[in-house]
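TrEMBL annotations:
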- B:6-28: transmembrane segment (TRANSMEM)
- B:33-54: transmembrane segment (TRANSMEM)
- B:60-82: transmembrane segment (TRANSMEM)
- B:89-111: transmembrane segment (TRANSMEM)
- B:141-158: transmembrane segment (TRANSMEM)
- B:188-210: transmembrane segment (TRANSMEM)
- B:216-234: transmembrane segment (TRANSMEM)
- B:241-261: transmembrane segment (TRANSMEM)
- B:267-283: transmembrane segment (TRANSMEM)
Amino acid sequence: MKKLLIALVATAAALSLAATAEAQEKLKACWVYTGPIGDFGYSYQHDQGRLDVEKALGDKVETAYLENVSEGPDADRAFERLAREGCKIIFGTSFGFMDPEVKVAKKFPDVMFEHATGYKTAENLGIYNARFYEGRYILGQIAAKQSKSGVAGYIVSFPIPEVVMGINSFMLGAQSIKPDFKAKIVWVNSWFDPGKEADAAKALFDQGADIIVQHTDSTAPLQVAEERGLQGFGQSSDMIKFAPKAQLTSIVDDWGPYYIGRVKAALDGTWKPGNVWLGIKDGAVKMAPYTNMPDDVKAMAEATEKKIIDGWNPFTGPIAKQDGTPWLKDGEVADDATLLGMNFYVKGVDDKLPQ
Amino acid sequence: MDITVNILLTIATAATPLLIAAIGELVVERSGVLNLGVEGMMIMGAVGGFGAGYLTGSPWIGLLAAIALGAVFSLLFAVMTLSLATNQVATGLSLTLLGLGLSGMMGTSFVGQPGARLPNLDIPGLTAIPVIGRLLFGQDPIFYISIALTAAVMWFLFKTRTGLTLRSIGDSHTSAHALGIQVIRYRYLAVIFGGACAGLAGGHLSLVYTPQWVENMTAGRGWIALALVVFASWRPWRVLAGAYIFGAVWIGQLHAQAFGIPVPSQLLSSLPYLATIVVLVLISRNKRLTMMNTPASLGQPFVPDR
């Protein structure tokens, strides 16, 4: 009986909340995150973008989000729920939300959908992504300059194009400074597990790496670097507070301007499904201050950053694939489609790509 | 030599939270209660430990807070399942869900803040001894607690009268009740002990392993601890072995990857689970002994007749 009462009260409260929400006639913009917003990494940065939208558009919008949504059938339900609750524009922020979003978008033709880091589109489904690989090239150059052992440790999550592209870009950057530079690669098969990431960092340092790079989302690897007096790079957000002596720089995702633009377009009725891939020059990828390195290394990093802003692409030939077969001719630039589907390593990567 | 010591230290760090949480749950299950809320109590310990350490600046206060929060949180489970006789499986699962959500809410302001780390033991003269110095005298304090705890629980369960009483309750709460043993009181204490251990394990994560607070930072370790208890057939020393086998294979596979061994990483990642299960199943292959060790009234609610 008591339970029933509680349930009734809860339902009544939920209903009254829903009623007030509808009465206000605001545009409801919603987000779906795969991690917790408290990861201080990837999902955290997306949520910062959502807060930017609230700040910029004030009482014209109402926002909502679902966090910790796993990439699978669960995601279908998450998107459908948001669409039914009156969200007019919905952002799915992880690669694995691609098929669920396509499916739900078909069911709700009046709702605008946006999907990050994927490649499928529809009448009411646009895609957006950031060129993180631009930043990773700079990381590679810094690593090659800073490393004494000539070996970097690279902690990675899953073998999806985004991650493979990052490894390749990092290696190209490093090889541009030291042609025989090596990276030891460890797959932890998780986007987010601080303990595992810390263990991987320790293993890599024990085997002679002296710089740590990560494509996972927690600050743990950098903390290990700090403890051991070695160096590394942050991920997604500026992690300097966790590693004041160890962080060299960090690739910071800034989704705010993009989200504000899209929600504004939705408000004006000018929204159309787009396909954008934003880089350093658009401000969506930012480099945290270059710290803990000599001035000449810093100058080199800044010069490369400027070169990329001026339109140079790290994937510019000549580049050979891992087995030595030529991929890009001298001066040839990789097209976006190839990059977004990247499933091979470039020459010099010392790992077998998991299939 | 140095690398071997480093690897052993890393294994100990990885095994410690599993061992502590599993030892606590072992006592709970020996009393006949199945608490599936280990993950939830652990994450509460993690957020409490980090929070108290961060706010007061003392990781030691953090350690105490972690234990206290785990214990208080388990009290919720105890009241529900023991006093109100709710279903233990459902209550335990909801404790995990509640813990994950509640800790996220409590920890909002700790995200992105570096915390205090518990210092490693440093005994002048002893810690500096080559090789064994750092292994025996240079680890974090919770490591020593975990070993002492395992020994204490072994002694308590099998060498003391109270331990015998606790085990008899786990085997048949009705018989124990008929003998005049206060079943519910024993179970309350066991559950709270389990909660305190899970809280301590969580504190190890946020004060030693990775000194920071992030949501979901336990990342399933509570579930591994639960599985360890079952596969170790409710014997403390087997839990210890299981936790260290898991830790060793886990760290070993990372080294294998870094070394460039051409084995698919997905297979390597699943090795710790496989190896631990295989080894523990092998050592518990004696059916009669396993049956003897299984608490017969595990998971059954007990309502004393008045």
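Glycine is treated like the rest: Cβ placed from N, Cα and C.
Annotation: stretch B:33-54 has the most Cβ pairs under 8 Å to the transmembrane segment (B:60-82), among B:6-28, B:33-54, B:141-158, B:216-234. Between the transmembrane segment (B:241-261) and the transmembrane segment (B:141-158), the number of CB pairs under 8 angstroms, six or more residues apart, is fewer than three, so the stretches are not in contact. Within its own chain, the transmembrane segment (B:141-158) is flanked in space by residues 12-13, 16, 19-20, 23, 26-27, 30, 63, 118, 121, 166-167, 197, 200, 203-204, 207-208, 236-237, 239-240, which lie at least six positions past its ends and keep a Cβ under 8 Å from the stretch.
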